[in-house]
Amino acid sequence: MKNNNSSSVSIENHPWKKKPTTLLLFLSLLSISLLLLRLSQDKIILITTTKTTATTGTDHQRSHKSSEDDTCLGRYIYIHNLPSRFNLEIIKDCKSITRPKDKISMCKYLDNSGFGPLIGGKSSDYSPSWYATNQFMLEVIFHEKMKSYECLTRNSSLASAIYVPYYAGLDFRRHLRRRNVAARDAAGKELVKWLKKQPQWKDMSGKNHFLVTGRISRDFRRNSGSRSAWGTNFMLLSESLNLTFLSIERSLTSHNEFAIPYPTYFHPTSTPEILQWQEKIRLTNRTVLFSFAGAQRPSRNQNGVVRTEVIKQCKSSSKTCRFLDCDVNANSCDDPISLMKLFESSTFCLQPPGDSLTRKSVFDSILAGCIPVFFNQGSAYKQYLWHIPKNSSKYSVYITVKELRTGGKNKIEEILRGIPNERVVGMRENVIRLIPKIVYAKPNRNKPDGEILEDSFDVAVKGVLERIEGIRRNEFKTD
């Protein structure tokens, strides 16, 4: 009994019994501590999740948006991470893509994201956005711009198109004079073999894939096994027929090729810079009626005959036509400033075909506000369907071969002089309006919300997406 009583007294006399508030205080502190611990854990989880989202890229964040909020819906593009032998190793070995006759090493042209050396410092008339850009650098330029494309995704299932950054033109340049056709064709065959093994190929058998070639179509359409035959067979491979090709000149009979402009010398950083240039050339004093910059070509085919006649007529109209003979080294046809000054001083710029139907000069002259004069429908009208208007008479002059050869020694001058001045002014303004769509702006171009000016890259990407969406609707319907 004593022990029980003692025990009973002990419990009753315990401090918690004497002071009930002490127990309540202890329990309150314990609850607060547990709550703080939970909040701390939640914060750690929140921080970790935020960091993970940031490192997965913009595409991951956008994938959680509703379709109404996602401005990239239908515009997502996935870039294949190709083995380096298809791009980086080609330009790393830049000496191999330089030909003996090249006045400047191709290594120099790879500077500044493929834009080449700066030329702005040579003349106050040209801003730091002017470069000595080589006509064959489009593959590198397009790849660099694609890396900054606003709707890239690392999730290929979200992509409306798959970009294949293979430098086909530069690769061909390495093997330009090799008589071993197997060596010339090797990379193209290896590429399609690699593509077919990727899960992205299975979705549409490659019909949602596209790539850019910085050379004309003919260079990839060798249909002979002869060692003396020109080019590679890349575009004729069965898998290649499913791809969409963007080339500086397309085959007019091809169903999967689309021509996009040659790169010019101007690569602006912002819309105001483009507008400023347009205003400058509107006010330019044009003292020459027409001009031609180029070299003589053999008269073995009609293209050579046309060019020979154009040069002859320009020389015979020496008071109204300026001829920059690119066969003469002293004329500096490789100097962008010399060419631009010629085109800026001319009302019309003659664009006869040469080695092929198209010329880089077409876009350099448009950049200068000079009205192009064509002698073949395939030099522009049937080529650049996404970039130039269908109504060709609004911005250019077309002279048929028959008119050229049977109209007398000054037929070109006669036709151009006969165009009313009011029409010339309107044509020039239409040419100037084309400028934003024929230049490749810098990859890091300042493009604020509400930007309405599209550059050549923007127009090309839009065209690719629309084409692939059309194929998806027509050939891959799901009920």
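Glycine is no exception: its Cβ is also placed from the backbone N, Cα and C atoms.
Residues or ranges marked as topological domain 'Cytoplasmic' by Swiss-Prot: 1-20.
For 21-40, the entry in Swiss-Prot reads transmembrane segment.
If you look up Swiss-Prot, you'll see 41-479 marked as topological domain 'Lumenal', on the strength of a curator's inference.
If you look up Swiss-Prot, you'll see N155 (among others) marked as N-linked glycosylation site.
Note: N242 (N-linked glycosylation site) has non-local neighbours M204, S205, G206, K207, H209, N256, i.e. same-chain residues 6+ apart with C-beta under 8 A of its own C-beta. Annotation note: N242 (N-linked glycosylation site) sits in a helical segment as assigned by DSSP. Annotated N-linked glycosylation site per Swiss-Prot: N242 (among others), in sequence order, evidence recorded as sequence analysis.
Here Swiss-Prot flags N285 (among others) as N-linked glycosylation site, drawing on sequence analysis. When other Cβ atoms within 10 Å of the Cβ of N285 (N-linked glycosylation site) are tallied across all protein chains shown, the result is 6.
The N-linked glycosylation site annotation in Swiss-Prot covers N391 (among others) and rests on sequence analysis. Taking Cβ-Cβ distances under 8 Å and a sequence gap of 6 or more within the same chain, N391 (N-linked glycosylation site) has no neighbours at all. In the three-state DSSP scheme, N391 (N-linked glycosylation site) is classed as coil.
DSSP assigns N155 (N-linked glycosylation site) to coil in the three-state reduction, placing it in neither a helix nor a strand. The number of other CB atoms found within 10 A of the CB of N155 (N-linked glycosylation site), across every protein chain shown, is 14. In the three-state DSSP reading, N285 (N-linked glycosylation site) counts as coil.
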